[in-house]
Amino acid sequence: MALPWALAVLSLLPLLHAQDPACANFSTSPITNATLDQLSHKWFFTASAFRNPKYKQLVQHTQAAFFYFTAIKEEDTLLLREYITTNNTCFYNSSIVRVQRENGTLSKHDGIRNSVADLLLLRDPGSFLLVFFAGKEQDKGMSFYTDKPKASPEQLEEFYEALTCLGMNKTEVVYTDWTKDLCEPLEKQHEEERKKEKAES
């Protein structure tokens with residue numbers, strides 16, 4: 001089980017509608033060490049909009065999700081530890097996300113495919129977006145992450161602005177519900193195990 005990552009390499013067509021001046025704010029930038037520091041903590045999967053049928057089905061069954069990014073700067077990677085509640089069951093997964101610094105993308109290999117997403121940092125450093133298949137009308141999508149379980153009105157407004165720039169609308173958005181999270185006990189168990197390992201080392 002994994003958070004929505006592209007099932008194939010992202011199209012290299014323009015990311016968002018460049019003809020709209022308001023959309024100039026939503027563009028990829030090179031990923032720096034400061035970016036990795038900003039990403040290196042706990043995030044909540046807050047909302048998404050996908051046209052790809054497989055992604056759409058996946059997020060519709062995702063009740064709640066959160067994850068941790070830990071940067072390994074010298075290797076240009078992020079350690080991903082994710083907790084997902086789907087169909088009233090908690091799933092845990094850990095993997096490595098590779099950072100393509102110059103083109104502002106993140107990628108993950110699942111053993112079969114290399115999956116790529118564009119990273120969009122927002123005005124609020126407590127939120128960011130991943131954009132998938134931007135140039136493919138029937139597959140494009142966007143996922144929205146915040147550093148708290150519930151997004152602020154300002155964070156949501158920026159998400160909606162980016163969604164419009166991608167050529168999608170609010171009716172396509174699927175929201176998660178933190179009250180349905182079942183992974184918090186497992187997260188606490190993992191925290192205790194890490195503390196014990198650290199104390200013994």
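Cβ coordinates are placed from backbone N, Cα and C, and glycine is handled just like the others.
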Quick test of reading the record: Swiss-Prot lists a disulfide for Cys183. Which of Cys90, Cys165 is on the other end? Cys90
Select the closest residue to Asn87 (N-linked glycosylation site) from the following recorded positions, measuring between CA atoms: Asn93, Asn103, Asn169, Cys183. Cys183
Could you state the whole-number distance in Å separating the C-alpha atoms of Asn93 (N-linked glycosylation site) and Asn103 (N-linked glycosylation site)? 27
Taking only the Cα atoms, work out how far Cys90 (disulfide bond) lies from Asn169 (N-linked glycosylation site), in Å, as a whole number. 30
Intrachain C-beta neighbours of Cys183 (disulfide bond), sequence separation six or more, cut-off 8 angstroms: Ala64, Phe66, Tyr83, Ile84, Thr85, Cys90, Phe91, Tyr92
Around Cys90 (disulfide bond), how many other C-beta atoms are within 10 angstroms of its C-beta? 18
Per DSSP, three-state class assigned to Asn169 (N-linked glycosylation site): coil
